[in-house]
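Visitor: Sharing a structure with you now.
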Amino acid sequence: MLLYRMIVMLGAAVCSICRCDYRLTSLLQTRDGRCILPLWLVIVPQDSLSSSVSFCFREEEAIKLDGLSVAEMKELRIRAEKHSFQAEVNRMMKLIINSLYKNKEIFLRELISNASDALDKIRLLSLTDPSVLSATDELSVRIKADPENHILHVTDTGIGMTKTDLINNLGTIARSGTSEFLSKLLDSSTSLEQQQDMIGQFGVGFYSSYLVADRVVVTSKHNDDDQYVWESDSSSFTVAKDPRGATLKRGTQVTLHLKEEAYDFLEADTLKNLVEKYSQFINFNIYLWQSKTETVDEPIEELEKVNDEKTEDADGKVEEDKIEPKTKKVEKTTWDWEKINNVKPIWMRRNDDVEAEEYMEFYKSITKDHENPLAYVHFTAEGEVTFKSILYVPRHSPFDMFQNYGKGTDNIKLYVRRVFITDDFHDIMPKYLSFIRGIVDSDDLPLNVSRETLQQHKLLKVIKKKLVRKVLDMFKKMEPGNFEDFWKEYSTNIKLGIMEDPTNRTRLAKLLRFYSSNGKDKMISLAEYVSRMKDKQEMIFYVAGNSREEVESSPFVERLLKKGYEVLYLVEAVDEYTIQSMPEFDGKKFQNAAKEGLKIDDGERSKGMQEQLEKEFEPLTDWLKNVALKNKIEKALVSQRLVQSPCALVASSYGWSGNMERIMKSQAHSKSYDPTQEFYASQKKTFEINPRHPVIKELLRRVKSGESSEKATDTAVLLFETATLRSGFTLNDQIGFAERVEQILRRTIDVSLDEPVEEEPEIEEEDKDKEYVEGKDETKDEAEHSEL
């Protein structure tokens, strides 16, 4: 207390900053005239200081927080007009803070978006009146964090706000019927989609600041008014003329006093990542105040300088000290503004003005892929919704593409006026095109209040339709070499598209490529196949199997190949599904060579010969259906497709082929008993015979002569089972098949069918015990010997 009284009695100076009424000696002043009484708090007992000194300390803190002196703070608070938020605003802020926004980080996106809008407005005015930029011609956004005081500033040089603007724009919602609107919004019976549609009518992104801040200060300078300060803690707000004058020259500064849980947003790296994520393509430069460490040369202090005097060593020799450099390397931390939105929105330029290398670099910047894409398309779509887009085909497909098939991807990024909105899409691209990467940017796309979901889903459908058309056109225009690489990576996607997208099925069908009997290594398009069809050929023939070797040797293609017809080889698991989803191509229907309905037009003479053969072999076909293979086949016919093979098992038009049955039974997710699968698998097939094969001709002779003995029946059953295997189907009685093959082997090497398998000699139990004991004794003896 005594020290305090001495200070008051001695002093004659007055604090130049806080203007406190304590008289001080010059010894208690800083060089700039500020009192240092707050510093005495560390050495003077707290209860010995008057309340006025405590006030001085608190006001010193206020200077740090808002950039205002204590005198200016006093003046600001004296002049401040206190306002209450419109009731609807209070309710709106509670709704925003508690429910609307999915993540807090979007507050920065909203503030930068508002800053960009303000910059756009002043730039537009400057086109007709350049004098509006007289205060400053800089158009930018600057972000500065103050970690020590937990403050974040976002400043722009946009159009700014007048006092009236601050009250009307930040304190009220200038809409009629807002009470009714909010009542409906908060009504539990209102669906989320209806809420989003209603919310989209109100631009309230500024209020997202309260997701991270408990106090917000907005300082703004408009060309037509003085600089004003708006301040709020979300319960009420004040507006006052800024006593500092026009420090901003023009524009707006939003100052956020962050909540404790939001301190992460004071980190430079966090802020930089958020800008790159959401606001990378804003039309105006965005600067971040951050530090960098540099190695610089600094003069050496006097005490560190090297002595130039000569010294004498132990031998009495005189040598000169080495002359050291008079500077040293030190690490120095400097602070400066760094531009952080360096990637330009090239989609805003005309296609002809963008170099190919720029497209490549832009692709790498948004995908982090180190390789160039296979293809890209840059376009502007107009109509119900106008948007610009750049879409890319990556050179390699994602390794987990089909593990996550049908799930939403982040490959297409949606921007509105260069502000990133979302990449969490489920409907912007069909599932089969989920590998496409790129951006979509629209200036007039309506959004909900949090900019995270489109208001009107019909517009999303319009965008999707146009994107798909452009992507398919991009595939069509690929260079042949690039298309081959594309097909290796994404052929399954295109085939799935045939099944899933009936609207674009015709376009997708033109992209299909298959191997065929006309070439060994080259894949062909359906258009190429059709161009090579025979004059009277009405069908596109194909056969499906596990490999090219398998389908080439299939009994189903023997006659087709002999007659010179080209056959498509479908060797991928999804191929047969794909063709079944297509009724036709270019007016030509598809015919599976492994199913009934195959017709080879050989003229009237050939038809007559076929009818004659059917009549001749009618006794055999009847015997096979009703006796030998009863309950195994639907019917037996004389085949038109076989040349070398004795027989084949043919599926009905709507049944499973052997290849399809194999695929269905190998499905990992298939149930042990599936009624649908059981139905298709149990469908009886048609047994086709080759009338020119010697085995079939011998069977016919025996049936006609009445010699259809048990041996003939066994032969017929074995023919059926081998045909089942060669046709790609699964044998139900595999043990019976093995036994019949064994019988044939016995006959081939003259072993009697009745000769039994030699039995294994039995070893008496006593002998086994004896052997075990002897072995044990020997082991014991060996162990004892080793110990000795």
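Cβ from N, Cα, C; glycine included.
Note that TrEMBL annotation is computational and uncurated.
Here's the feature list from TrEMBL:
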| type | residues | note |
| --- | --- | --- |
| SIGNAL | 1-18 | signal peptide |
| BINDING | E110, N114, D156, M161, N169, 176-177, 201-206, T252, R451 | ATP binding site |
| REGION | 751-788 | region 'Disordered' |
| COMPBIAS | 752-768 | compositional bias 'Acidic residues' |
| COMPBIAS | 769-788 | compositional bias 'Basic and acidic residues' |
Visitor: Take the Cβ of F206 (ATP binding site) and count every other Cβ within 10 Å, whichever protein chain it belongs to.
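Guide: Counting Cβ neighbours of F206 (ATP binding site) within 10 Å gives 18.
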Visitor: In the structure shown, which of the binding-site residues E110, D156 has the fewest other Cβ atoms within 10 Å?
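Guide: Taking E110, D156 as the binding-site residues, the minimal 10 Å Cβ count falls on E110.
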Visitor: If you draw a 10 Å sphere around the Cβ of N169 (ATP binding site), how many other Cβ atoms fall inside it, taking every protein chain shown into account?
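Guide: Total other Cβ atoms inside 10 Å, all chains included: 18.
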